[in-house]
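Below, the features straight out of TrEMBL:
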type     : residues : note
SIGNAL   : 1-24     : signal peptide
DOMAIN   : 28-172   : domain 'Lysosome-associated membrane glycoprotein 2-like luminal'
DISULFID : 149-185  : disulfide bond
DOMAIN   : 219-359  : domain 'Lysosome-associated membrane glycoprotein 2-like luminal'
DISULFID : 332-369  : disulfide bond
TRANSMEM : 377-400  : transmembrane segment
DOMAIN   : 379-410  : domain 'Lysosome-associated membrane glycoprotein 2-like transmembrane'
């Protein structure tokens, strides 16, 4: 495994806690630069790994010891992500990476690699070699706040169960000083957890990390361009927020364009935009031509991992969204919901898309969604005018009727 070097000009301060109830496997990492602390982390963790032996599957629990190295850990900045990297000899390496965006930062992935060539740790393992498990986290935290979680957070992605607790974390520390403002995880607000005993058993009690622990802000708008040869054939600009309800547990995930790859293709009658990153295996938007005059979003396919490591996939090829004439683009600046299935919907922000007939790599005149239309204000005006005329008509009718009544009395 190739380990990245720390950011130039930063120095690494590594401290371990031996205070009271905190054991030697409780790690405390303080990365500094010229301003002071730039990344602070304190946490405990262990891994229960199931591996294939000669005739049966064996299980081993590895508690991260105090004698580890931190090569490649770095503070990051506006352009480069921060990371914490740990190496335990040739047996195990662990990393978590962060990216900053505006007033938030993302906890992107946790990567664990273990070497079954270590016969002490993995006796009788077959086959032998380095195996890697990547957990897509996808959580977001505000800058200037330290995140705390005493409860045990569990990530279960076969063949490894990962446990984390006693967490104090602040990436992209501002002004060189760890914040006194804290954000507590949801699990700590709902339960009191006793620190687990670490031997060869799974820590207990545990709580599973839920994606609703941290509020999700409005997603960042990304720009996506697909070419056919040297010519641009598809343009898309949009902020994307994925809303998943699996077993009544809501999971909200913003797509970060800075860490998202995209590909696609263009055909005379169909066009495809595919997004993917460490958490999303693929998210497809498929457009089609309707009656040779208009285009629309016909199909959405998604295959991704949730925060608990489970796979989620949905397909729907019978949609009818983002309808506009060929030769134009479709635009909707306000939030719009694309309902793909009962358990999956996509919220779009500042959307603009043109999957056909792109000229000179630029958007054509846009057809706006109803929510953006300037004509929307005419609806309440028209209703008000109609009510006004109705009131006047009733008043005139009343006055005419009253005058006729008086005339009738005089004739008698």
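Along the chain as shown, the residues are counted starting at 1.
Note: Cβ is positioned from N, Cα and C throughout, glycine not excepted.
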With DSSP as the yardstick, break the domain 'Lysosome-associated membrane glycoprotein 2-like luminal' (219-359) down into helix, strand and coil residue counts.
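Final tally across the stretch: 3 helix, 97 strand, 41 coil.
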Report the member of 149, 185 (the disulfide-bonded residues) whose C-beta atom has the most other C-beta atoms within 10 angstroms.
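Result for the most crowded candidate: 149.
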Could you check the disulfide-bonded residues 332, 369 and say which one's CB has the fewest neighbouring CB atoms inside 10 Å?
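Minimum Cβ neighbour count within 10 Å, taken over the disulfide-bonded residues 332, 369, occurs at 369.
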Taking only the Cα atoms, work out how far residue 332 (disulfide bond) lies from residue 149 (disulfide bond), in Å, as a whole number.
39
For the domain 'Lysosome-associated membrane glycoprotein 2-like luminal' (28-172), what are the DSSP-based totals of helix, strand and coil residues?
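Residue counts in helix, strand and coil order: 0 helix, 94 strand, 51 coil.
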Can you give me the Cα-Cα distance between residue 185 (disulfide bond) and residue 369 (disulfide bond) in Å, rounded to a whole number?
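Distance (Cα to Cα, whole Å): 38 Å.
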Using Cα coordinates, what distance in whole Å links residue 369 (disulfide bond) and residue 149 (disulfide bond)?
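Answer for this pair: 43 Å between alpha carbons.
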